[in-house]
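Per TrEMBL, transmembrane segment is recorded for 221-242, 311-329, 341-361, 444-469, 481-500.
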Amino acid sequence: MIYPVISTKNPIFLTGSKIPRNQERCSKLSSFQSRSIFRSFHHQNPGIKPKTQFLNPVIGTNLGEVSVRKGKKKKESLWQQGFQEMLGLCGLGYWVQGFRCFPWLALNFHMAYNLNLNPSTLQLVQNSGNLPMVAKPLFGILSDALYIGGAHRIPYICIGVVLQVLSWGQLALFPVAGQALPALMACVLLSNTGAAVTEVAKDALITEYGQKHRITGLQSYAFMALAAGGILGNLLGGYFLVKLPPRMMFLIFSVLLSIQLLVSLSASEECLGLARSLGPVPTGQSVSENIRKQLSDLMIAISEDSIFRPLTWIVASIAMVPILSGSIFCYQTQCLHLNPSVIGMSRVIGQLILLSLTVLYNHYWKQIPMRKLIGVVQILYASSLLLDLALVREINLSIGIPNEVFALCFSGLAETLAQFKILPFSVLLATLCPRGCEGSLTSFLASALCLSSIFSGFWGVGLAAMLGIRSNDYSNLPVGILIQFLAALLPLGWIHHVPMSQPVEKKRKKGMSKRNRKTRRIGRVVVGSVFAYRRERESDAQK
């Protein structure tokens, strides 16, 4: 008796939808040989029917693989839809954040010309108005711990936008609010409080989304949107400031904030693929416990050397440089009599440079060691501060460059480099941020940077007062600029706190599911001289 060549338990079939040429020839040969074996069997045993019918290998894709492919396509389409909504929500948010220079340019001219504030008072108001930014860690902890309507990012964006609409709308619709300095300061504080809440929620949202979908470097695109908003804001601000009163510029920005509010209300975190809180409404005790837990997690994250050392360096490098922006602004407008459009266009050029630097960093400069990149940027920043000295000493006139052209090209370069220096640290901390601590850590970084900027501003006010820089006396302004230059070089002494390179997120190995383990390919079965892969279930393998 001749036994069947092929096992009755495990029929032969191919598992791949794409067959190599050598396997395709083997399948054709197998079909031919199986038919010849069947004929010889039937010829030798005419009265006996074989128990097993010889099967030709079927080339194709089984139903399980088709369903998996459909699931993957559906998942990819949902991810693409969430990514587009993410770009629309945060892209507009960061663009509006960059566009805040539009009403602030009008506010600075309003305080300098209509309220007749001296340089020190003007800079004091500017830096005091940024005090709500110091409370960003509190907003970040609340965003991580307290869900509103099952979401914990978008509701806070909406709350911050509403506060900004109220503050700028009040300055636009009620002239009294802009005439008295206390009322003006209240509006500025309310506006910056709303901006702080919105920025915290946006930063946490892109960090959480990037970690969820394993996308690194979203902060670079946020900087691009920020720079694009700054370009348009300064460009239009310099033009509208000549044509319109400041109140109309406040009103235009309020309308733009209202549009952002509508876009934020129409978005949902479910479409972004982020987790929603479906549990019961938290009580006061549970909220306080969550807040304490988030605070504890934040302290643990900050205490790590990989986060603490670069954070200390960037904060110290900003805080120790005295900022003389108020004195420089008053000198340009009162002594050099520069047109507001020239100052606005100088900011536009600065934002264009920032956008170009961000694109270059995102495509090419990420490969450069971080310590080397930051060292070069810090040296360039210190050198760019001397450009104000050239303007004050009229060195540009001696080489035939008018004040308008020089201020247009180089006035905003130092501020641009100071903004760009923050980008590598933002990407670094977003990569190192632990899960569940996105809002707390990013807001702590923003708060630390803002606190260092405020300290730098107050340090500049004290230096201006000590040197006797006033509205009618700018003779000691060059000395202040030289002190700025020397202070900007000091952080290079401990640049070893900055890591050499940014950490690369390792891809986790995909584990095998039960189904994959059961249906994995375990070997080859010989049919004559033909090889074909077969599947075998674990239950059959154990027999």
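Even glycines carry a Cβ here, placed using N, Cα and C.
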The transmembrane segment (341-361) versus listed stretches 221-242, 311-329, 444-469, 481-500: most Cβ pairs under 8 Å
221-242
At a threshold of under 8 Å on Cβ distances, which of 221-242, 311-329, 444-469 pairs most often with the transmembrane segment (481-500)?
311-329
The answer for the transmembrane segment (311-329), taking Cβ pairs under 8 Å and residues 6+ beyond its ends, is 108, 112, 119-120, 122-124, 126, 302, 343, 378, 388, 415, 418, 421-422, 425, 429, 445, 448-449, 451-453, 455-457, 459-464, 469, 474, 477, 480-481, 483-484, 487-488, 490-491, 494-495, 497-498
Close approaches to the transmembrane segment (444-469) from elsewhere in its chain (Cβ under 8 angstroms; 6 or more beyond its ends):
119-120, 123-124, 126-127, 130-131, 133-137, 140, 196, 199-200, 203, 298, 302, 311, 314-316, 318-327, 422, 425-426, 429, 476-477, 479-480, 483
